[in-house]
Amino acid sequence: MERTLGIIKPDAVSKGYAGKILAIIEENGFNIVGLKKIRLTKEKAEGFYYVHKDKPFFNSLTDFMSEGPIIVMVLEKENAIADWRKLMGATNPENAEEGTLRKMFAENIERNAVHGSDSPESAKYEISYFFNALELV
Ligand code: CMP
């Protein structure tokens, strides 16, 4: 079994898509072992996305991620990291395949509805950024 960190981003939460996205996650065989609704500060968003700190979109991205509530989740299944990325679809919804979450719910390359860890190392960092062991059931 593998675990990954998923986020329903402020754009999707504010538009009321969270319930639909959670249903799709369960229909696709993920066990939701951790879940909470939180609001990031700008600083907490910067810490989460520190690998992108030199990118031109860093300031805008961290403003966006702290503009309203998000839902952070730990998703578990075999091959969870790759399978969650496949279900999300391409970063830019213009390139996302039919049936993917970003095709269905994203606005644009930044306001793209969902996030997922991109490797086992980042999953470990990202899960521990939001959850302690007692919160994973
Ligand atoms: P995510 O998968 O959370 O990882 C980094 C985020 O940065 C990405 O989703 C988008 O929200 C954002 N992002 C990536 N590329 C761009 C870009 N070219 N312009 C603006 N935002 C971007």
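Yeah, the Cβs are placed from backbone N, Cα and C, and that goes for glycine too.
Record features (TrEMBL):
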type     : residues                                  : note
ACT_SITE : HIS115                                    : active site, pros-phosphohistidine intermediate
BINDING  : LYS9, PHE57, ARG85, THR91, ARG102, ASN112 : ATP binding site
DOMAIN   : 1-137                                     : domain 'Nucleoside diphosphate kinase-like'
Whole-number Å distance between the CA of HIS115 (active site, pros-phosphohistidine intermediate) and the CA of THR91 (ATP binding site)? 9
Please identify which of THR91, ASN112 has the densest Cβ environment, defined as other Cβ atoms within 10 Å, among these binding-site residues. ASN112
Hits among LYS9, ARG85, ARG102, ASN112, i.e. binding-site residues with CB under 6 Å from ligand 1, come out as ASN112
If you tally other C-beta atoms within 10 angstroms for each of the recorded positions ARG85, HIS115, the top scorer is HIS115
What whole-number value in Å do you get for the largest C-alpha pair distance within LYS9, PHE57, ARG85, THR91, ARG102, ASN112, the residues recorded as binding ATP? 21
Sequence-distant neighbours of LYS9 (ATP binding site) in its chain (C-beta under 8 A, six or more apart): PHE64, MET65, ILE70, ARG111, ASN112, ALA113, VAL114, HIS115
Out of PHE57, ARG102, give me whichever of these binding-site residues has the highest number of other Cβ atoms within 10 Å. ARG102
Integer average pLDDT (0 to 100) for the domain 'Nucleoside diphosphate kinase-like' (1-137): 98
Tally of residues which DSSP labels helix, strand or coil - the domain 'Nucleoside diphosphate kinase-like' (1-137): 64 helix, 26 strand, 47 coil
